[in-house]
Amino acid sequence: MPHGGAQFTNVAEAKRMLRHEVFVRRRGTSLSMSMQAGEQCAQIACEAGLFQSPSRIIACHVSMGTEISTIPLLSIALGCGYTVLVPKMGADLDLGWGVLRSLDDLLRLHVPDEVAVDQMEPSLFPHAQTRRPGEPEGQTYPPEALQMCSTVIVPALLVNPAGVRLGRGAAWYDRALRFAGPQADLMAMCWPWEFVDAPLPCEEHDVRMNAVLTPRGFTRLGSTGPTRAHTDDPSCDSPAGEPDE
């Protein structure tokens, strides 16, 4: 997958093209692959000490479509007694967070097909009309609630060692992450082939990550370069027929 050079003459167009390429490549994934990858990520997160923070409050996205499933991560966090915040976007992509008390609390949202194409992707569920992640019922907490979290896990289409993350294009997470505490781990979660050692288009509002979680391992990003703890499990590799980067 080409990622261009260090200079992008049209950042918005470069992002749009990269999103399209990512979604095309993700068509080789399946629901079973998503669940298996999610279990691997959860195991790696445990080994990396994610669930040993004294604050016992984390934030994590609810996976959708061809994203790696976050159900195993959410399940472990709840089982460890953590307070888990998940996005509550409402009807207009508002900034807000809800407390997830049980996986059964998640509701599926249905939105019109006219939403921006950059925010959509082929669904793993052929008959689903869902274009949004599940949300819990109950109180919606303001964006500032993120300040209490030691770790914030967000989805990524692409991310590089400099911490530049490519999202779906709505800028919801970039706006939300500005409320994270200065010591929080901002962790991008993606498929292994989406963690690329190449320049990515970046705008002023884009918030950089300081950690990456894939089914192949956990990588902490920093000024001295990435520190990796990886697995050699071949089941984490690219979909059949697609070469690794």
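These residue numbers are counts, starting from 1, taken along the chain as shown.
Placement of Cβ uses the backbone N, Cα and C atoms for every residue, glycine included.
TrEMBL labels come from automatic prediction, so no person has curated them.
Secondary structure at K15 (ATP binding site), taken from DSSP and collapsed to helix, strand or coil, is helix. Sequence annotations record features per position, and here TrEMBL assigns ATP binding site to K15, R16, M17, L18, R19, R165, L166, G167, R168, G169, A170, A171, W172, Y173.
V62 (substrate binding site) has a Cβ environment of 21 other Cβ atoms inside 10 Å. Among the features that TrEMBL reports, substrate binding site is placed at V62, E67.
As annotated by TrEMBL, region 'Disordered' applies to 217-245.
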Nonlocal neighbours by CB distance (under 8 Å) for E67 (substrate binding site), same chain, sequence gap 6 or more: S34, H61, P155, M189
Residues satisfying Cβ distance under 8 Å from L166 (ATP binding site), sequence separation of at least 6: K15, L18, R19, V22, A156, L157, L158, V159, L200, P201
CB contacts for R168 (ATP binding site) [other CB atoms within 10 A, all chains]: 21
